[in-house]
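Notes for the one structure printed next.
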Amino acid sequence: MSLKERFTSYAYLIRLDKPIGTLLLLWPTLWALWLASSGTPSLQMLMIFIAGTFLMRSAGCAINDYADRDFDRHVQRTKHRPVTSGKISGKEAVVVAGVLALIAFLLIQPLNIFTKELSVLALLVAFIYPFTKRFLAIPQAVLGIAFGFGIPMAYAAVLDFIPLEAWVLFVGNIFWAIAYDTAYAMVDRDDDLRLGLRTSAITFGSYEVLAIAFSYGVLFVSQLWVAHLASLSNYFLIGWGAALGCAIYQLKLVSSRKREDCFLAFRHNNWLGGFLFLGIVLGLSIQ
């Protein structure tokens, strides 16, 4: 394998070609940073968390491909991934994940000890998540915890404690992950059933669209609660309303249960997260 081919394989391993995962991890982190800092996060803090988000998502992808290497080759959508196709060994994937996680940990050294302690828990959850598809009925809940760990970490970094609004934001994010990753799991449901894997799309069965709607409901109610706790102005509702429109559109898509519609609904969550961030920015900056 040439150097160019090896670089390309590593790029695919950490999903450089698919930034949606990084964005779904980044939006909740930005929500928390803006709320914790009352709308004025320091540039250093912002850069640390943005870079850390990219590194940890990349590490998570590498460990996910290692964990799923014996399953991915049997799924049409994933059979060409670098590890399962043999372009990268399982050992290499683990090393890549470890190196990226180490860089992320070194990156947060300027932050307080509380944030560093939380980062260890975040790493453990991120590395455990891929294996939960073997035994948990709704592994998407663990994904929500992993993708939401930037929330308590951001509050800890800025305030050195975690207030109630952070936990409300965190719980809402878990349900958001259940919503968008259930749509994602609907794409591979037939393959996952054949392989004996467990996902929320399988667990919810014919009620999966209702479960997605309920999860979105929890997200949007939690956002309103956070807005109240953080004393955001009514301008927050501009972003909140736009995000709600996104959710309604996504529910319409997944209701068809077509693979391409479910995948589009999943990807469309980037806009939902961005609109909620816009609402927080407006609610903090315009009183």
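Glycine too: its Cβ is placed from the backbone N, Cα and C atoms.
Per Swiss-Prot, the features are:
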- 19-39: transmembrane segment (TRANSMEM)
- 43-63: transmembrane segment (TRANSMEM)
- 94-114: transmembrane segment (TRANSMEM)
- 118-138: transmembrane segment (TRANSMEM)
- 142-162: transmembrane segment (TRANSMEM)
- 167-187: transmembrane segment (TRANSMEM)
- 209-229: transmembrane segment (TRANSMEM)
- 235-255: transmembrane segment (TRANSMEM)
- 263-283: transmembrane segment (TRANSMEM)
**Q.** Beyond the flanks of the transmembrane segment (209-229) by 6 or more, those residues with Cβ under 8 Å of it
**A.** 35, 163-165, 168-169, 171-173, 175-176, 178-179, 182-183, 200, 236, 240, 243-244, 247, 250-251, 254-255, 257, 276, 279-280, 283
Q) Between the transmembrane segment (263-283) and the transmembrane segment (19-39), are there three or more C-beta pairs closer than 8 Å, counting only pairs 6 or more apart along the chain? A) yes
(Q) Taking contact to mean 3 or more CB pairs closer than 8 A (sequence separation of 6 or more), are the transmembrane segment (142-162) and the transmembrane segment (94-114) in contact? (A) yes
Q: Determine which residues of the chain contact the transmembrane segment (235-255) at the Cβ level, with the cut-off under 8 Å and only residues 6 or more beyond its ends counted.
A: 179-180, 183, 186, 208-209, 212-213, 216, 219-220, 223-224, 227, 261-262, 264-265, 268-269, 271-273, 275-283, 286
